[in-house]
Ligand SMILES: [Zn+2]
């Protein structure tokens, strides 16, 4: 009750703030704070003269240019062949996501299992699994390039350094999310309902306790699941089960689709791995996958803006 009450009070405060700011902007703005061209300015002596529409446009242009320059400098610093493209504005309403054909279970009303998000935008999503390699360079690189990503964590490789993923979360508070990839990375269809519950809901609790938020996204190890998996996941707060359409390595890509290509809304999988496990470092892998994504004309978006 207390929670709902405080939310209502916050809502009312926001409404008052919105009304006040609309009133203060008066005739020279469209209510969203933007200046309207040709609208009459305030009468002399009433308030300081507002910036003209042309001035505001010039300031906006300068801010965008500055952002681009920062992005280009970061791309040079980290050795990217191309400057990553800017993601399109997130959709105003999230698309309806359904389970991919051939990926259904007998159950109904369960979280959707999908490999691509329905969108026409040239945007793809980067997801990084497991958590064994904990390269501080990766966190720095992604934060400086401002590339969003969703991590899917498995406790057996994360628990030796929860702090690494806390730094990751804080490095891009709006751009990084920490999600569920089970406690011990087992083949879930081989487990009973109760065992799956421990694996999935146990990890929900750990992520909530360590990082303050119960994940809404869950990815089963190896992409293997059954109806129990989805029932269990739903029972402890999972809303969606994103799999992947492509997988990135430091030296190559692997594709799910016959055309061996990216498509709007594709989810790209990769892993937290080091030089001992594959042919390069995490920054090497990011350089490679970003080159593929950018050269095909795609930007990296934030999965949670669409799901
Ligand atoms: Zn995994």
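Glycine residues also receive a Cβ, built from the backbone N, Cα and C atoms like all the rest.
Values in this document were obtained by computation on a predicted structure and should not be read as measured data.
Of the candidate ranges 27-46, 47-66, TrEMBL annotates residues 27-46 with the feature region 'Disordered'. Residues belonging to the domain 'NodB homology' (122-307) score a mean pLDDT of 97 in the model.
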